[in-house]
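Participant: OK, TrEMBL features for this one:
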type: DOMAIN; residues: B:25-103; note: domain '2Fe-2S ferredoxin-type'
type: DOMAIN; residues: B:103-142; note: domain '4Fe-4S His(Cys)3-ligated-type'
type: DOMAIN; residues: B:181-212; note: domain '4Fe-4S ferredoxin-type'
type: DOMAIN; residues: B:225-254; note: domain '4Fe-4S ferredoxin-type'
type: DOMAIN; residues: B:261-317; note: domain '4Fe-4S Mo/W bis-MGD-type'
Amino acid sequence: MRPATPSSDDITAIIAAHSGLEGPLLPMLHALQDAFGFVPQTAHAPICDALNISKAELHGVISFYHDFRDAPAGRHVVKICRAEACQAMGGAALAESVLAKLGLDWHGTTRNGAITIEPVYCLGLCACAPAAMVDDRVVGRVDAAKLDKFLAEAGA
Amino acid sequence: MKDFIIPPMDWKDERDMGTPAKVGAPVTLSIDGFDVTVPEGTSVMRAAAEAGIQVPKLCATDSLDAFGSCRLCVVEIEGRRGTPASCTTPVAPGMVVRTQSDSVRKIRKGVMELYISDHPLDCLTCSANGDCELQDMAGAVGLRDVRYTAPDGGGLANHFAARNTSGEANPEWRPKDDSNPYFSYDASKCIVCNRCVRACEEVQGTFALTIEGRGFDSRVSFGAKTDDALASDCVSCGACVQACPTATLQEKSVIEMGTPDRAVVTTCAYCGVGCSFKAEMQGDQLVRMVPYKHGKANRGHSCVKGRFAYGYASHKDRILNPMIRDRISDPWREVSWDEALGFAAKKMRGIQAEYGQKSIGVITSSRCTNEETYLVQKLARAVFGNNNTDTCARVCHSPTGYGLGQTFGTSAGTQDFDSVEHTDVVIVIGANPTDGHPVFASRLKKRLRAGAKLIVIDPRRIDLVKSAHVKAAHHLPLRPGTNVAVVTALAHVIVTEGLMDEAFIRERCDWDEFQDYAAFVSDPRHSPEANELLTGVPSAELREAARLFATGGNGAIYYGLGVTEHSQGSTTVMSIANLAMLTGNLGRPGVGVNPLRGQNNVQGACDMGSFPHELPGYRHVKNDDVRDLFKSVWGVEIDSEPGLRIPNMLDAAVDGTFKGLYCQGEDILQSDPDTKHVAAGLAAMECVIVHDLFLNETANYAHVFLPGSTFLEKDGTFTNAERRINRVREVMKPRNGYADWEITQKLANAMGANWSYMHPSQIMDEIALTTPSFAGVSYTVLEEKGSVQWPCNEAHPDGTPLMHVDGFVRGKGRFIVTEYVATDEKTGPRFPLLLTTGRILSQYNVGAQTRRTENVVWHEADLLEIHPHDAENRGINEGDYIKLASRSGETSLRAKITDRVSPGVVYTTFHHPDTQANVITTDYSDWATNCPEYKVTAVQVSPSNGPSEWQEDYAAQAAQARRILPAAE
């Protein structure tokens, strides 16, 4: 289980474990997100202090990478590809129907905290478009039925 | 009177060359058929600009390193594939470049079309209309059409339209950020060229800006996600605004007034860095100040004060008519200039008749020009017939004058500011450059980011100790008042570990004196370990710092008032000079002893003979030959007795022997120590003439008020901390009617002199005639060269950027033994804490100018910094009103709890008269020069619930004294 609220001791320990690396910021952010599921706001000042960077620079880096979160995601994350090949194979309609069904917008999380829906731009599965990614698993040739099945399993 | 027009000169060539200049071996290449020779490492873009060919560009500007993002500057290079960006491509011998061809033209047009597809086309009503590089480049590439338009019924994503054609809000659009008082950020006009972000990083070194997001979501962002410009780390230096090619970051004054139509190069009137600015004007209205790229002190950079805080010049508090009154309890009466000057002259002559020739004196201003200062001291010496002249350098850098004079033979910093680019190890002692000398701090930080090491000796953890991308190798947080012990301990380590530069010492210094000095510092009682208890500096850290300075390459020492404003101020200056000689760090770029002067012309005021014992050029009044020289020019006998220093004037006033004072552009009541004593002295005088922009605190005790002119309203020169004589130019006529030098001349003539200067250039000619180090200075030379550093004379016709290159001015450098003597100001049970005082970035000195600008959003009141431990002991919480008391007096202000100060030390600023931090400071002073000990006062801090009795009485007296009678019908 992930801790509900990251403690400052945990944050300090993760930062300290990575500050000796060359190019420490990204490994540090990854480690924080791995530990807490997101990069907590309370970690920003200690990161800036440890790496002697400004809060603007940190914001620039975190916001550059879409996968860094500033709040925890749902228990499961579904990413639907929005790139050209998948759109051509009906990905856009599929995405819209999923969003409508869950009553969410992109990046939204269901009320029960089960699922977060995110757009992604190319999973490298163009040959099997439309593609999606469910947690750490990529899925090719998705259709409404496949997704519905997963959504039901996940408790949406 | 002749107004000077700047001639078209090389130093005035303001073209943007695209990328920074380089130094290196010459490389010849061909650009559009022209052969061009430029230094190795130069970009193709800059080489083309040198040849007079401007390659279209958006993301490049010559204050920033090339970035290569806009793709507008592509060129063809023979033998290379594709179309490389000319900004990021360095020149190579024999390279053949074509900046124009059908194919690059097509690329540029295509790039421009994409830019414009996401840019509003409201050029006619845009604040940058006529001053927009995007507009210029659209013209340069011949853009005639933008094909990317929204299809019928559909919307194209853009950042500039608040709503689409159906009236739906555009999620990509963001409202303007107007939180900064001086500039606005309008994201809808941004082309994400990164120039602002790079300016904040490379030029200013604050890193307050970033690009957030990626791709289409990229935009400029101040600070963290939720910050606006004001809440971010932004210090409002304006470098981003200057770098912005569009109206995205724009001065509010330009938004309000429109673009300027003319520009005059002049010099900032704030700190001792002496930045050159272009005052950009519409008629007689100042639209904006833009740092001048060829200014040799600032190299195109500025701080929030210089660029933005000029609003005081037109503030409603400014007094524009002369005023007089018989008693200080009377209200002021506005009168004509003739009446005011006649009244003043009659009173001053009356006092002299009754109390003697030496019963009156002057205080010259470090904010006025050299010419004005020269006239004021001349007024004392030639018209009053005494040497009663002093200046505010008495209370800041007089120990520098004495200490450096004794050791090196001249009273000034040894380097120019460019020198910092060559330094390897910097000691900053008793100075807070990011607040006090921000433009120098930016240049220093740039060098530190490039690898130079920093040692900070300061009781407070100043920003330089640790801030984005800057970290001091060593911070020695000494107890206030122990400078001499710490610097001597550094010397102890260097001498005992044999790290000194013996060859330099043997060649350049007096070897016998060095032997004495070496024996003195080698004594174990000067070791870091022996002094650890006294200074509070860990001995191991101090040893490491000493080794780093002695062995780390070019070592430079920069210091400020934290060195001078002590009872041993002069001793510390000497110990710093010793340290520089000991390590051979003098006489070349990147080294030296560099006092950071507080005020714009404090160097000049000292040079111009403002001190009671020295005629212009630091020549003692007892010297017959010097007096004879001035006698021959001025036609009067000069008194051979030194006159009174400021504290002596006040003491004599209290004793009843000093009765009249002409005080130009200085607020001694607020800036001098022990306010109550100053007030008593002023109150005891019969005629106090205050010559200032505002009814300052001293004017509460004045009988005559002569309205002053601002630096925008007169011609003259300021001399900055690097001895650089910079021109100040009249950009508008004086609103009060006369420039300050004219007013001093009128006062002199009302007292019977017969002065007839028509222009400050004539005063400079007289200075050159009488003062050897200025012999080669004239307005013609300054027009030609832009600026010169004194000494400028026959031996150095171009001025002297570096002093003591081949030998010290006094001959052999002199080591002086610097024994630590504790100040008499000691903590005890009643006053257990040590108060030290300083500055903040947004405010300047007594705040008379900056408090009357929007700068107050950053600092609206003085706060007392106190360590959490000391605060907790006293039950003090953040923001509480507290009483600050010393043996001299007490005041109250709000507390700020911070570990920037050590336990036992508290800190405040003195920018606000309602706090009057100088009620607290004592009258202890430097043993040699009487420079007051502002930096050490034993105090107690206790909770309070409002202003002290003194503050209330003072406010009431000030309100009473500032009444002005309505003008007679």
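Any Cβ shown, glycine's included, is placed from N, Cα and C.
Are these features on the surface or tucked inside, and what touches them?
Facilitator: Beyond its flanks by at least six residues, the domain '4Fe-4S His(Cys)3-ligated-type' (B:103-142) meets 54, 56-58, 70-72, 74-76, 83, 148, 156, 158-161, 188-189, 191, 245-247, 250, 254-255, 258-259 of its own chain at Cβ-Cβ distances under 8 Å.
If you look at the domain '4Fe-4S ferredoxin-type' (B:181-212), the same-chain residues 6 or more away from its ends with a CB under 8 A from one of its CBs are 58-59, 61, 63-65, 67, 69-70, 115, 119-120, 126, 128, 134, 159-162, 173-174, 218-223, 225, 229, 232-253, 255, 300-301, 304, 307-308, 441-442, 445-446, 449, 468-470, 854-855, 857.
Using a Cβ-Cβ cut-off under 8 Å and counting only residues 6 or more beyond its ends in the same chain, the domain '4Fe-4S ferredoxin-type' (B:225-254) has close neighbours at 58, 61, 63-64, 119, 126-128, 131-134, 177-187, 189-191, 193, 195-200, 203-204, 206-209, 212, 260, 287-288, 290-291, 300-304, 307-308, 438, 442, 468, 841-842, 857-858.
Across the range of the domain '4Fe-4S Mo/W bis-MGD-type' (B:261-317), the DSSP-based residue counts are 9 helix, 20 strand, 28 coil.
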Participant: On average, what pLDDT score does this prediction assign to the domain '2Fe-2S ferredoxin-type' (B:25-103)?
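Facilitator: Reported value for the domain '2Fe-2S ferredoxin-type' (B:25-103) is a mean pLDDT of 95.
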Participant: Can you break down the domain '2Fe-2S ferredoxin-type' (B:25-103) into helix, strand and coil residue counts using DSSP?
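Facilitator: Reading the DSSP string over the domain '2Fe-2S ferredoxin-type' (B:25-103) gives 9 helix, 21 strand, 49 coil.
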